[in-house]
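Marked as transmembrane segment by TrEMBL: 50-68, 74-95, 165-184, 223-248, 293-310.
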Amino acid sequence: MLTPTGVSAVCHLLDVGSGLKLFPFDFDPKEKCVKRAGRGHRFYFDLHKTAIYVMTLFSAVRLIQAMSRDHFPLVLRILNMVWLAAYTLGAICYAQFARKEGEMIEFVNCLLGYMRRTSINKNPHNFKSEKSDKNGTSGMSENWPVSTMSSYTLAESKSQKYLTYYVYLGLIMLAANPTIHILLVDESPCAPHFVSSLFLPCEGFRDYYIPFLHKIPFMAIEYYLTTVFFFSWSFNWAVIFLGMSWIVAELRRMSYNLSQGLETTVQQYRSIECIAILMNDAFFMYLSTFPNLLFAIVSILMFGVIRIWHYDPGSNLMFPLCGIRCAFEAVTPLAVAGDVNDKNKEVVAKWKLGVVARSAAKKEAIAYQKSFHAVRCTAGSLYTFENSIVLCCLNNCMQLTLNLFLTFK
């Protein structure tokens, strides 16, 4: 599913996140798996979780207070609303860690095992069939013609490279975004959602001169806070994006088997359903909320780019860069969810034309095979029946941006 370097990048994300105690589990670099963390690890993780909860409440209270004032600059309104949405998503991620830790560990370990097994590039002329893995998913049949194996292997290799590029792009944005965000503390230290607004002279949101050295501690605080919630975002995005790509890969493999008229069992399809069910259960809270919150952030930032960015592009560099990152993490899982739906329909159609249509099939088997319909995400916008879900969400995002122009004069 990923190239060896892509697998290494995902493992590095888990290693760094667990090393910083941002995840409630330890990563074992030798066995390439995650394990339940000890008491000391959990103590620091609880501190990070509490910090995100407190800042979510703090941003909401400060926004309500600022909105009640006569003068509240537009740029500060945009920043406060964006940070409130960002902290809210981070709080949801940490609440999910607390409630679904066991399910998340199980799914991540299954995903890591699958990535390691499929990261080796295969030579189509020396191809050997893969045995069923412990999750029940099966490989290609050794009875395939060489030309078919060659085309399939080339398609899989291309898919591996694309997925690896997406993973690297997500990790690059994860590394760069906290640094970009702390520049806002230097430019707008009186924004009500920043801790600096409580300690620096910010009466009436006026432009008081504040020495740079006085702002450094608050820039460090902001770097810590953004790192905490960005890591929780990236972890959920990476696991869900790769998990659904895993489902697509297995459905594609099953579709090829059906096209070649090879034996395909009900167990293979049910195993793919189990992958989707485990992912839906482990990440239900994030899946239910992330498209709405991320697209809301994108809409607000797009409004800021159009409305005020041209006045000071350097100071407001966060608007386009953060908007790109949020759009990337919102669109990519939705696009893969559409692919899951399309591949599922393709497999069901081929099965009905092949196995179910045979007159020799037993009635019980036919009834069982006709139930093939449930491989999809079952939460939020990812619960889709069409591949056009991305266009629908982008359309809603643009409508919200236009509504902001009518609301804020």
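Cβ coordinates are placed from backbone N, Cα and C, and glycine is handled just like the others.
Remember, TrEMBL labels are computer predictions, not curated facts.
Of the recorded ranges 74-95, 165-184, 223-248, 293-310, the transmembrane segment (50-68) has the largest number of C-beta contacts under 8 angstroms with 74-95.
When each of the listed stretches 74-95, 165-184, 223-248 is scored by C-beta pairs under 8 angstroms to the transmembrane segment (293-310), 74-95 comes out highest. Here the transmembrane segment (223-248) has Cβ contacts under 8 Å with residues 1-2, 10, 13-14, 17, 20, 22-23, 48, 51-52, 55, 86-87, 89-90, 93-94, 96-97, 104, 107-108, 111, 114-115, 159, 163, 166-167, 170-171, 174, 177-179, 181-182, 272, 275-276, 279, 283, 286-287, 290, 329, 332-333, 336-337, 339-340, 343, 375, 377 of the same chain, all six or more residues outside its ends.
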